[in-house]
Amino acid sequence: MKYIFVTGGVMSGLGKGITAASIGRLLKNRGYQVTAVKIDPYLNIDAGTMNPAQHGEVFVLHDGGEVDLDLGNYERFLDIELNSSHNITTGKVYRMVIDKERRGDYLGQTVQIIPHITDQIKDCIRSAAEEKVFDGKPADICIVEVGGTVGDIESMPFLEAVRQMRSELATADRALVHVTLMPSDSMGDLKTKPTQHSIKALRELGIFTDIIVGRSERPLNSHTKKKLSSLCDIPQNGIISAATAPDIYQVPMELEKEGMADVLCQLLQLRKDGADPEWYRIVTREYTHRITIGIVSKYGKEDVYLSIKEALRHAGRKLSTEVSIRWLDAERVEPADLRECDGVLIPGGFGVRGIEGKINAIRLCREERIPLLGLCLGFQLSVVEFARNVLGIADACSSECGDGTAVITILPEQEGVENLGGTMRLGDCPVEIKSGTIAYKLYRQHEIIERHRHRYEVDPAYISRLEDAGLIFSGRNGNRMEIAEIEDHPFFFATQFHPEFRSRPTSPSPPFLGFVEACLKNRGKGE
């Protein structure tokens, strides 16, 4: 097993995750099996209970792990399915160590950060790296991204563990990539001083960098690379320019041009086979159409809906269609806003805020035949809207958000659950598809697997009444409703699951493909 450690300096939010994912893609393009581990130095066990407006999207893995959005990027770039073990948090590590101490595993030792915490971190990294995620076989290379910034107190135990692993591994089995900011001064010149200080801080911890990735608004010139090489004692071919790209999926190609893959192959003594051009063909496909999709959201931060944005782009690229997203505040959205869109998407969420705005948006799309895709909460509210305005239950609601007639109720297994973290219906669940439906047309099979994250479901007592009134439940898990659709509508489709989490640039999600195609047809009618 070979390891590539990715650290960050100067400031957070530089794109370490995209850099790590892009490195993985470069090596995958050369025929290697690549996995990835994300270290998040916070005390939370996982991302499941975090405020999305602060933390961003909670990405759901196939085994139900609620993790940082960077793991979504890993899955999309590398075309793999990761497990909960691939996200290591301070909370997880401390809980493991404390559990061992309580069991007496340490045989009376004084439990300390070094060696007990650092040993546990190394065990977690190795265990995740050796997961057999490739048809029963482990990966050839593991990329380990250390969250946070060099110098943060929270990251210190993890950086010490990286230092130890670097010493324990053979030279050809490890490489360290440091992502750092290259700011411009008032004259537009790129400044190297912050990077020099960041490299110095790493060296003071006993960690020596092999490659520097300079994040900047414009490419690094040869003079800047030569200066960094001299001052940071790194060969000039190890100074990689990473200017801001218009499309994140083009970052691997930009790093390829900079020689990143060749340098890593040299460091890790890997064969330098030619790169598979499939990725290039997919991400450079030209657009011949353009559509606007409105997302009726309650959170102002776009990162909350990252996987939805990417799934729309995957479908759009497959159909040579550029997707422009219009963000519509669920508490302020007006009918005119919706009518200006070629289609409307109602995403998942929690709580009562913005609920009525979303329901009103669903009604307008149903009545005015605007393509609509509802996800999770969007599925539940589609049922509520139908119950109110077609079935005639004026006070229909979800028991999560109202005191009326609850056509959406809590899952039986969720009753009495006290802890919020890790207790929802999470991860992969099978869904049976009904023949002759939109769902079957999209998936072309009778049973599918999709990822879930919810506590509420359609009340079984109302299913037959809803179906008699024209709502088709085309996907089920036993007596649990999973997909709802309407006949004689351009595209009215809602899922209890989250299809966006399984979408890839190489294989777009079927519901998103169908939705974008319907939006494209809807736009064509108005032209």
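Including glycine, each Cβ sits where the backbone N, Cα and C put it.
According to Swiss-Prot, the feature active site, nucleophile maps to C376, an assignment based on sequence analysis. The feature active site is assigned by Swiss-Prot to H498, E500, with sequence analysis given as support. Among the features that Swiss-Prot reports, CTP binding site is placed at S12, D152, I153, E154, K191, T192, K193, P194, T195, Q196, K227. The UTP binding site annotation in Swiss-Prot covers S12, K191, T192, K193, P194, T195, Q196, K227, and the record cites sequence analysis as its basis. Swiss-Prot lists G13, L14, G15, K16, G17, I18, D70 with the feature ATP binding site, giving sequence analysis as the kind of evidence. Summarising the annotation, Swiss-Prot assigns Mg(2+) binding site to D70, E145. Residues or ranges marked as L-glutamine binding site by Swiss-Prot on the basis of sequence analysis: G349, L377, G378, F379, Q380, E400, R455. For 292-525, the entry in Swiss-Prot reads domain 'Glutamine amidotransferase type-1', with the evidence type sequence analysis. Taken from Swiss-Prot, the feature region 'Amidoligase domain' applies to 1-270, supported by sequence analysis.
The recorded positions near G17 (ATP binding site), taking a 10 angstroms Cα-Cα threshold over the set E145, T192, L377, G378, E500, are E145. Taking only the Cα positions, the spacing between D70 (ATP binding site) and E145 (Mg(2+) binding site) is 9 angstrom. Compared over the binding-site residues K16, K193, the count of CB atoms lying within 10 A of a residue's CB peaks at K16. Secondary structure at E145 (Mg(2+) binding site), as computed by DSSP, is strand.
Here the Cβ of E145 (Mg(2+) binding site) has 27 other Cβ atoms within 10 Å, regardless of which shown protein chain they belong to. Just so you know, of the binding-site residues I18, L377, the Cβ with the fewest other Cβ atoms around it within 10 Å is the one at I18. Its Cβ placed at the centre, G13 (ATP binding site) has 10 other Cβ atoms within 10 Å. Highlighted in sequence order, G8, T19, A20, V179 have their Cβ within 8 Å of the centre of the Cβ atoms of G13, L14, G15, K16, G17, I18, D70, the residues recorded for ATP, and are not part of that set. When the recorded positions L14, I153, C376 are compared by the number of other C-beta atoms lying within 10 angstroms of their own C-beta, I153 comes out lowest. With a 10 A radius on its CB, G17 (ATP binding site) counts 25 other CB atoms from all the protein chains. Cβ neighbour density within 10 Å is lowest for E400 among the recorded positions D70, E400, E500.
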